[in-house]
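*Asks:* Okay, handing you the structure first.
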Amino acid sequence: MAPVPYRVVAKRAETAETVTLTLAPVGAAIPEPEPGQFTMMYAFGIGEVPISVSRTRPVLEQTIRAVGAVTGALCRAEAGQVIGLRGPFGTGWGVDEARGRDLVLAAGGIGLAPLRPAILRALARRDDYGRVAVLIGARTPGDLLFEDELETWRARGAQVEVTVDRPAPGWTGHVGLITALAGSADVDPSRAAAYVCGPEIMMRLTAQALAGLGTHPGRIRVSLERSMRCGIGWCGHCQLGPLLICRDGPVVPYESAVPLMAVKEL
Amino acid sequence: MDRVSADDLRRERFFHGMPGPHLARLATAGRVVEFPAGRRVFEENGTAESFWVIRSGTVALDLHVPGRGPVVVETLEASAVLGWSWLFPPHRWRFGAVAVRPVEATRFDGPLVRTLGATDPELGYDMALRFGTVMLDRLEATRIRVLDLYAHPGEPR
């Protein structure tokens with residue numbers, strides 16, 4: 001349960017408040033995470049937060065948005081600094097289980113970070129899948145993560161569609177809700193698996209749109225977020241109805257998430 | 001401009017479930033049109049005499065904002081319906097529209113469709129419901145965008 005020391009070997013600013021840290025173990029490494037899993041990242045002397053893994057190989061990357069004291073400290077970490085990691089924890093997207101299917105990967109805002117390992121895994125094993133569609137929604141073009149990678153993903157055989165709420169001058173992409181992009185995904189919904197990640201309202205509406213187009217709700221997965229502390233289902237901080245999100249999630253079938261998302265008290 | 005058939009319309013999501021005789025009458029008001037990227041489809045405040053069902057491509061809806069020029073408020077993709085001002089007085093466009101990517105669409109003669117609906121109230125009611133659904137979807141989407149779909153609970157606003 002003790003944090004494993006990792007050194008920041010590179011830092012890349014993604015947006016004004018989001019950075020990606022490339023991490024290397026100082027000594028022993030944690031096990032390689034599965035796409036969709038998270039680690040507990042420790043800013044020594046400040047605290048620990050759950051952060052999704054945004055790249056699993058050949059290097060470990062984690063993408064952090066500065067929203068509080070701990071995430072702010074992690075975002076300020078520079079190359080050479082040592083932080084702590086526990087994990088990996090939780091359930092993954094199950095990319096390997098979807099072999100032979102079309103894939104739809106829909107991300108809202110920073111939700112692209114936990115989906116990126118699934119995208120990279122599918123593109124690394126491109127022949128194992130049918131069509132691959134990546135749908136990305138953001139407030140503005142300036143809020144887009146991994147923008148310099150999107151062309152590479154296209155070149156490797158993914159359809160990548162990006163929509164923003166508020167276009168900047170010169171923006172020639174889509175404008176509007178990510179739900180409107182669901183119909184643009186060049187996949188066969190009846191044989192597709194879909195992974196959706198972002199704020200809960202975005203996931204709910206996007207999953208509804210995908211199901212409405214014919215993707216079986218049992219093949220849609222979403223990534224839930226609650227206040228995770230221990231990471232191993234002991235403390236109960238991340239309880240959501242019958243689920244402990246750190247252990248039973250964060251990735252859960254949409255069918256399991258639907259009734260929980262509708263309960264106001266949760 | 002090529003004519004369209006009832007079968008052509010039946011393949012469009014917007015017309016799913018519409019009875020064959022209605023489709024046949026609407027087909028008399030439809031023509032296939034194309035717009036190259038950058039071509040303006042209609043101007044804000046212009047007379048609204050058409051609507052389009054987009055077959056392929058992308059159209060941006062925009063509004064002229066003094067000092068900023070045309071600001072895009074939404075883009076419409078394949079299978080979306082473009083234009084509802086033809087249905088309601090004073091039949092003037094509230095927004096402009098421009099092709100962002102090359103567009104192929106079925107253009108409908110608005111006054112003719114209004115006449116078809118007036119002479120066959122069953123068809124008119126059906127069309128009003130379908131356009132009501134399009135408007136409801138757009139209203140919902142607009143409300144959700146006002147909510148900020150991408151805000152996380154812990155994020156400072």
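Cβ coordinates come from backbone N, Cα and C, glycine included.
Look at TrEMBL and you will find A:Cys230, A:Cys235, A:Cys238, A:Cys246 tagged as [2Fe-2S] cluster binding site. Summarising the annotation, TrEMBL assigns domain 'FAD-binding FR-type' to A:1-95.
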*Asks:* Looking only at the domain 'FAD-binding FR-type' (A:1-95), what are its DSSP counts of helix, strand and coil residues?
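*Replies:* Tallied per class, the domain 'FAD-binding FR-type' (A:1-95) gives 9 helix, 50 strand, 36 coil.
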*Asks:* By the count of other Cβ atoms within 10 Å, pick out the sparsest of the binding-site residues A:Cys230, A:Cys235, A:Cys238, A:Cys246.
*Replies:* A:Cys235
*Asks:* Quick one: what's DSSP say for A:Cys238 ([2Fe-2S] cluster binding site), helix, strand or coil?
*Replies:* coil
*Asks:* Mean pLDDT for the domain 'FAD-binding FR-type' (A:1-95), rounded to an integer?
*Replies:* 94
*Asks:* Excluding A:Cys230, A:Cys235, A:Cys238, A:Cys246 themselves, which residues in that chain have a Cβ inside 8 Å of the centre of the Cβ atoms defining the [2Fe-2S] cluster site?
*Replies:* A:Met228, A:Arg229, A:Gly231, A:Ile232, A:Gly233, A:Trp234, A:Gly236, A:His237, A:Leu244, A:Ile245, A:Arg247
